[in-house]
């Protein structure tokens, strides 16, 4: 992502933070909040898949860990929003590190299946650890506290969600351009060649999984600023596939692609809710067309023009 | 920043702004000639069977009212949203209906767990919300000022009713009770325990996982308890396994299957596989009479008239279709009671005084300021694996919310 695009994103988010709560309905702002959570989720998956080339199908699990941890930190410990968000990110990162250790011993489809199994296991935990997660009855999330004030509406939450998203976009763009970003991509292209030029492949992989999980957990923390309820059904494989679709359609390996894919597919998903009988067919049709005519991603195509 | 970047920003803002709706009047969703009602439920996806035709039933009832002249001269205008029985989609649908479409009240929700996701928002917004057929215990207890539900039956009332039937009709002194080990199971067991204590009978509960595959141990335990009757308060799949195992292990006492498991009785009988397993089986139903019977014929006739194409399809109307009627009746009665100049506050006041016999459900629809779960009774049928024979009367739960 170029500095120019990053500046455009910053202007857009700051502009929307000022204008949207004043001009749009709460529903539009809610959708805006959701899209920004998808952006952070996509950027997290982008780090492990797009940058480091490691298959991870447990992203929804890390997201869920972030949501439950942030919600419970706020509910039980009374932590303010930012501390709760960091707690969610850190616990998810710890789990990501564990998965990263697993990744040192396997690759490709075997790694994909192992991370998938972790995701399914976590959903089982969310569903059955009733005293903590509320189980199938879901968990009521208390309003996030910022400077001692509860956030009680989507409009109040939007500037905070936009601000955190902007920081994450800048960090991921910076990471992409940094030495660590180059190390990620070297491992993605060839672990042997990366090791030959002095890159610590084990450390690099562990970092990729940990950072990716941290962002997924942070996205979970962001979700708790404008949502009052979480149910385990929202944290299954379908959510992981949705985020994976976002980064693939946007353009694997591209920060702009992950960002654009999240916005476009998040919007498409909501707009298709208006056409119940045809939504799956339209969704599938869009995917097939993109894979046929823009296999490297829609936003990488736009970026090249 | 280039011209292109600015254009892209403008396009993005325009795309979001494109979702924005028209400006709202003082009392949202109300014009001199119309009242706008927001409906939501699963119109697609795996849970469609729980709500698609339930919504159709409510809509056809509103059409009927419109044809009869509307409510104080206003026609009911329905805006419909798909919630896919998913918590995030329920919230998006509700927020769109309230903030974008500016509906006067909400009449939606077919799936009990996801509807809870909208609870806090609805309470904050103050919009009256009358659920469709979700049992909705999680959103109804403790009672919220503007949320009403359980027009089919709440889980607590289901548990209470089934114990009432087993103790009063089957004369059971000791009742074995198999429920799920999740929140729904805990809720219906709460009602069952209350009713058992009130009736002076012993309840022997056994909780199983909804995904259980071997029910030998719980069935043996229930048989060994010496119970006079067995209540199965699980979903259809565990219920099938328990019925089959009970027959294999020679359990010969009456078995009562709660409403949670009866969505497709034909399928249930086929999956159990033996007619002998149904020698002493009763099923719980929340409708006032057998589905398709003379008493309910007007609903099925109305469905055929309103949706001739759907009615011609083999799986329609769906089993739960009539459950949409009492909920719509309640909305209409509250709007009528609120007078020619209704406000949301007046409608809530009217809803809190609801008391009528829908003629559709087993018991009356009663709502008060402190009880927002509408219906608490069930009817029972002897089921031999093919046909249903009605047991006279209806059996109501007496459980009431006593606070946290």
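Our numbering is plain: 1 for the first residue shown, then up by one each step along the chain.
Any Cβ shown, glycine's included, is placed from N, Cα and C.
Note on TrEMBL: of A:2-19, A:56-73, the range annotated with the feature transmembrane segment is A:56-73. Between the transmembrane segment (A:31-49) and the transmembrane segment (A:281-302), fewer than three CB pairs separated by 6 or more residues in sequence fall under 8 Å, so the two stretches do not touch. Comparison of A:56-73, A:206-229, A:241-269 by number of C-beta pairs under 8 angstroms to the transmembrane segment (A:281-302) places A:241-269 first. The transmembrane segment (A:79-102) makes contact with the transmembrane segment (A:56-73), as judged by at least three Cβ pairs under 8 Å among residues 6 or more apart in sequence.
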